[in-house]
Amino acid sequence: MDFEILQPGLEVINHIAALKVSLRSARLAQQKIALVPTMGALHSGHVSLVKKAQELADIVVCSIFVNPTQFTDPKDLEKYPRPLEHDIRMLEHAGCDFVFMPSVTEMYPEPENWHIDLGPAEFLLEGEFRKGHYQGVTQIVKKLFDAVNPDLAFFGQKDYQQVLMIKNMVNYFHLPVELVSCPIIREEDGLAMSSRNIHLTGEERIQALVLSRSLYYIRDHFGETKIAELLENARKLVRGTPGVELDYLTIADGDTLLPVDEESGKSGLVALIAAKVGETRLIDNIILN
């Protein structure tokens, strides 16, 4: 679906060639270009990325593309929300300069074999439950980087492991782009904002609060309670909540995602959780020390 220019300052583009033409003047003027990659179904967390991008760059490009190669479950791809008009209005009000909204055939004109070495962390946590997911993520992000050629790219901390994998991909190809990870934006009651929250029923929405509550428990008692005990208590909290099925809850090294123990004595740790609430799988994390 093609969209017209909605107002001066916001341009919606569907093709890579047109995007490159539109960005040419900014490039010649040596303006900093920022990319905010999204899959749509935007919320205040995405808007916060756009706002941060506006602080650090002259031109902000937001992409909306539901990438099929990163979905390990076809049903998940099928039911992923796509409220395009709502998304464009949000970006219009946020002051975004360009919206890049390509078709699948634009990004994947022919079948591709993609596999790069993302390091051992690819197979941990989300990688264990969604095999091949990060190959698909890095595949599309590399394509978006090639299309936009940004100076900076902005991602949300909620997808902590994803940011780490994209950083590894950038290092693998020696790409001249700076990655900026922005804090998680939460609802007033603590639930991490997510495009998938739309699938939660009223009851499930309440049950989902146990994800952030378990992370807050770890944060508040970290350093005074042993890690093994912290995790045991936090996992009990999650498993004791009806309708919630825990995939993992761990305290890991922020760089390798390997689990840590008392003897590790390292700083830069992160607590990460994934759980299914009803039929909706949610993730969350909190950075420690």
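Backbone N, Cα and C atoms are what each Cβ position is placed from, and that goes for glycine too.
Keep in mind the model is a prediction, meaning the values are calculated, not measured.
According to TrEMBL, the active site, proton donor annotation covers His46. Residue environment of His46 (active site, proton donor) contains 27 other Cβ atoms, counted within 10 Å of its Cβ in all protein chains.
Annotation source TrEMBL lists ATP binding site at 39-46, 156-159, Ile185, 193-196. Sequence-distant neighbours of Gln157 (ATP binding site) (same chain, 6+ residues apart, CB-CB distance under 8 A): Val163, Ser181, Cys182, Pro183, Ile184, Asn285, Ile287.
According to DSSP, Gln162 ((R)-pantoate binding site) is assigned to a helical segment. In sequence order, Glu126, Tyr134, Val137, Phe155 are the residues of the chain that are 6 or more apart from Gln162 ((R)-pantoate binding site) and have a CB within less than 8 Å of its CB. For Gln70, Gln162, the entry in TrEMBL reads (R)-pantoate binding site.
Per TrEMBL, the feature beta-alanine binding site maps to Gln70. Sequence-distant neighbours of Gln70 ((R)-pantoate binding site) (same chain, 6+ residues apart, CB-CB distance under 8 A): His133, Tyr134, Gly136, Val137, Gln139, Ile140.
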Task: His46 (active site, proton donor) and Met39 (ATP binding site), distance between Cα atoms, whole Å - done: 10
Open item on the list: Helix, strand or coil for His46 (active site, proton donor)? Use DSSP.
Closed with: helix
